[in-house]
Amino acid sequence: MMKSFVMMFCSMTPLLLIIGLLPNLAFASSHNYGEALSKSFLFYEAQRSGYLPHDQRVQWRGNSGLLDGKASGVDLVGGYYDAGDNVKFGLPMAFTVTMMSWSIIEYGKQMGESGELSNAIDAVKWGTDYLLKAHPEPNVLYGEVGDGTTDHYCWQRPEDMTTSRAAYRIDPSRPGSDLAGETAAAMAAASIVFRNSNPAYAKELLTHAYQLFEFADKYRGKYDSSITVAQKYYRSVSGYADELLWAAAWLYKASNKEYYLNYLGENGDALGGTGWSMTEFGWDVKYAGVQTLAAKFLMQGNAGNHAPVFEKYQEKAENFMCACLGKGNQNIHKSPGGLIFRQRWNNMQFVTSASFLATVYSDYLASARKSLKCSSGTVLPSELLSFAKSQVDYILGDNPRATSYMVGYGNNYPRQVHHRGSSIVSVKKDPSFVSCRGGYATWFSRKASDPNLLAGAIVGGPDAYDNFADQRDNYEQTEPATYNNAPLIGVLARLHGGQSKYSQLLPVAIPQPKPDPEQKVTPAPASSTADITIEQKETASWVPKGKTYYRYSVIVTNKSAMTMKNLKLSIYQLYGSLWGLSKYGDSYVFPAWLNSLPAGKTLEFVYVHSASPATVSISSYTLV
């Protein structure tokens, strides 16, 4: 498990966006990002607690933690062990779910193309199923099962553990706004993932997210003041203000309710979202993530009357990006080999999180045809993506030691991982009981490689000078964590997918593979037909420098009983930018992440200009 860290805030000069283009990138690399992506999901299967499913691929693991919560009268079986121990910590687990979900929302198409989308969704659901159990009442949330003190005294595989499985909760008398806020964010983000494939489950998640946000906002306090056993391991140094904004951002993205957008606009200053320029992003400090999402909302044209506040969010987001690139006023330190370095204890968590933010922001800027202006000069979106790629390549072996810090990837990777399950022979191979202290004597002290391969795990990584010692007792460098991998899966999917022309400004419909049978071509010149309806509405307006701009939302609905493909729309009297469709000659077609519209489903696109609504008509489509 990972100890909390000292947060460093810094101030940086404001930045302005300028117009820029993203050139085509050639992802020439010796690394197989698809293989690394696949292995990442195996790591999550190795971290599972509870009853393992029939399709479990990591066979050296068995059922564990089957009585979790029973002493408290609640079912807390399931979820994830956070790192190399057997404790279930709610704050990092919820952050892991949020970041896995964000990765899918942005890059679900690429995961689908690599064959990993179903594994990604399964990984999210293993987490959300547990989080739903942990929230049995609107104002009650269980935030930890087990405790670090007794757990660290023992070295046992999860299937044998004899340590305390006490459950710890927050409620109105013992609040935890940071824990409740992060869990609300996780459920809101996950609801987007399941919106198409499992709408009832998505609705359930969103309902719990609403309740948790209200709980977090109404009963304010730090969770580690209520669950004190977490203080040595996941202390909330940043407090809860960032999680309140983080949760509001995700709830707005998931629900499109103005309440949460207004919350961001009205509380950005008071809760620090518009004031802090960050040089880190992780399970404790969410400001850079909030600022990145807020910048996206602004570029979408969603900020409305709060645009001045959201511009400040964006300014701080771009300070973070410039700091990552080493082109700001106060930059993130890098090792001689080029790895960003924050702290000696599990530094890799900051590498993967920063790489993810840089990747998505690169795509946001490119789709908005904008660039950064850092203190050292103009930065094209492609530079952000190149930065993220450089960090991933370092992790996978392009470093002074030629070591892969993903277990099982390449030929030279950590063999003595600080991880109880992987370091002790599988219970399926040798069911002999491993005692609490006997595990230290027999297995922890072994100088041999782990008997079980913890494939896909991202370990803590090297020090500030690229040095690394592959030793089981070197927990600062050899212990993995679920939140190391969660942001990385999105970057790996993006890099594996390569360069493509699509806008990341709109929510991605999680693609579902469909057969391609014989098609029926239907001409449709009218604006609506018996098969398709088109509805337009104005959703926002603002007046910069005396000129009024309008944001219009257009909903296209497949009213037929068949799947729609090859839709072509004609749009006239459009005088601004459009997001959510791809341009094809004089027509507009499905965006790159969507190749069909199932029966009864809708497609939304938006455009912004300073005129009345454009004329949208249907040119043609096919039903299959």
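Positions of Cβ are set from backbone N, Cα and C atoms, glycine also.
Automatic, uncurated: that is what TrEMBL annotation is.
The signal peptide feature in TrEMBL is assigned to 1-28. Summarising the annotation, TrEMBL assigns active site to His418, Asp470, Glu479. Taken from TrEMBL, the feature domain 'Carbohydrate binding' covers 532-612.
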(request) For the active-site residues Asp470, Glu479, work out the Cβ neighbour count at 10 Å and name the residue with the minimum. (result) Asp470
(message) Please list, in sequence order, the residues in the chain of His418 (active site) that are at least six apart in sequence and whose C-beta is under 8 Å away from its C-beta.
(response) Gly84, Val459, Arg472, Asp473, Asn474, Tyr475, Thr478, Glu479, Pro480
(message) Over the span of the domain 'Carbohydrate binding' (532-612), how high is the average pLDDT in this prediction?
(response) 84
(request) Determine how many residues of the domain 'Carbohydrate binding' (532-612) DSSP places in helix, in strand and in coil. (result) 3 helix, 48 strand, 30 coil
